[in-house]
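Asker: Please read through the structure below; I'll follow up with questions.
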Amino acid sequence: MEKLVERFLNYVTFDTKSDPSNQQCPSSPGQITFAEALKLELVALDLVDVSLDDNGYLMAKLPSNVDYPVPAIGFVAHMDTAPDASGANVKPQVIKDYRGGTIELGESGESLSPSQYPDLDSLHGHDLITTDGTTLLGADNKAGIAEIISAIAYLKANPDIKHGDICIGFTPDEEIGRGANLFDVEKFGAEWAYTIDGGPVGELEFENFNATSADVICHGVNVHPGTAKGKMVNSMNIAAQFQLMMPAQETPECTEGYEGFYHLKSAEMGVARSELGYIIRDFEREGVEARKAVMQQKVDELNERLEKGRVELVLTDSYFNMKEMVEPHQHIIELAKQAMIECDVEPMIKPIRGGTDGARLSFMGLPCPNIFTGGYNFHGIHEFITIQGMEQAVKVIVELSQRTATHYQK
């Protein structure tokens with residue numbers, strides 16, 4: 001446990017921001033640099049089957065220390081950080097024994113205030129790790145990596161704690177939706193796994209959005225503005241019309257819980273061609289299909305109003321709700337719940353309003369719910385984590401490993 005924070009503060013010094021514009025895997029060189037450093041650490045822990053492949057997938061195993069059959073379980077985390085904010089030159093602040101009030105984030109002019117982030121009100125007396133207001137922190141998901149490795153180190157140092165084979169997997173490019181693309185489930189060797197990629201203490205998740213990307217491409221005609229009358233068709237005006245046709249109350253900022261949404265995430269604008277990048281999210285397959293149909297209907301309406309072929313829609317499914325793949329294996333949820341309760345953590349079962357590697361892995365034959373890291377406000381400069389939350393995550397991983405072995409003892 002004593003090295004947990006030290007590990008984390010070291011890991012966030014690696015710039016591992018993934019790059020959606022690069023089709024290589026991993027999409028950024030910093031991820032390989034980080035993976036190579038982690039590999040050395042896993043070798044130093046005397047784990048077996050330590051391997052780092054050319055695509056940046058790092059795997060290892062802690063062998064069973066019991067003399068009866070126990071299913072191999074896995075713990076998975078991702079090495080990249082989100083492209084939404086810089087992950088370079090991260091300068092964490094450690095706030096000991098937080099007593100309330102606003103936390104200034106370095107000299108950036110940014111701050112964490114309870115009025116904007118009410119979770120702070122429940123964290124009095126905790127030790128917080130924040131950013132300096134210029135970068136994200138990288139708790140998503142380097143906290144998960146630090147917690148997994150710290151739990152494995154604890155099990156190595158305490159061989160009286162019984163466990164079966166424990167498989168470890170660290171993936172690249174999760175934040176850009178590719179984390180599981182080249183994950184070798186058979187090589188990994190676990191019967192089921194858990195991503196350690198959740199937020200506040202207690203989170204246990206096995207439902208996530210069905211996800212589709214939707215690109216709306218608007219075609220115009222560019223003519224010199226001085227002679228444009230009756231000739232120019234400005235694709236930016238078409239794009240603006242399309243956005244105004246979308247349901248205004250079905251966006252991320254207007255939805256919560258099990259509500260789905262449309263999200264205009266990017267726009268590339270020009271007179272001759274404009275492209276709007278949307279993501280569609282819904283917890284039900286039927287819901288996401290209905291949302292696709294709504295977008296197609298809006299495209300058809302615009303084409304009828306303007307000129308056929310001015311607007312086109314390209315839909316790409318990204319991932320699906322893991323619930324249908326995890327629910328038949330209720331014991332893996334129950335083991336995680338009981339491990340949390342044993343560690344004085346109240347399980348908070350809630351849907352993931354996003355996706356994880358576990359969603360894709362579940363459809364690849366590796367059921368994979370998600371467990372908390374203790375972090376908050378991922379993907380931005382206001383990200384922070386509590387040291388106590390990280391410690392509780394380590395305890396849950398250790399207890400879950402032990403409880404699985406006990407469960408299968410005859």
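Glycine too: its Cβ is placed from the backbone N, Cα and C atoms.
Got these off Swiss-Prot a minute ago, pasting:
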type     : residues               : note
ACT_SITE : ASP80                  : active site
ACT_SITE : GLU174                 : active site, proton acceptor
BINDING  : HIS78, ASP140, ASP197  : Zn(2+) 1 binding site
BINDING  : ASP140, GLU175, HIS379 : Zn(2+) 2 binding site
Asker: Go through HIS78, HIS379, our binding-site residues, and report the one whose Cβ sees the most other Cβ atoms within 10 Å.
Answerer: HIS78
Asker: List the residues of the same chain that sit at least 6 positions away from ASP197 (Zn(2+) 1 binding site) in sequence and have their Cβ under 8 Å from its Cβ, in sequence order, or write 'none'.
Answerer: VAL76, ALA77, HIS78, ASP140, ASN141, GLY144, GLU174, THR356, ASP357, GLY358, ASN370, ILE371, THR373
Asker: Looking only at Cβ atoms, how many others are within 10 Å of the one on GLU175 (Zn(2+) 2 binding site)?
Answerer: 25
Asker: With DSSP assignments reduced to helix, strand and coil, which class does GLU174 (active site, proton acceptor) get?
Answerer: helix
Asker: Distance between HIS379 (Zn(2+) 2 binding site) and ASP80 (active site) at the Cα atoms, whole Å?
Answerer: 11
Asker: Please report how many Å separate the Cα atom of GLU175 (Zn(2+) 2 binding site) from that of ASP80 (active site), as a whole number.
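Answerer: Given the Cα positions, GLU175 (Zn(2+) 2 binding site) is 7 Å from ASP80 (active site).
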Asker: Compute the centroid of the Cβ atoms of HIS78, ASP140, ASP197, then list the same-chain residues not in that set whose Cβ lies within 8 Å of it, in sequence order, for the Zn(2+) 1 site.
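Answerer: Result: ALA77, ASN141, GLY144, GLU174, GLU175, THR195, ILE196, THR356, ASP357, THR373, PHE378.
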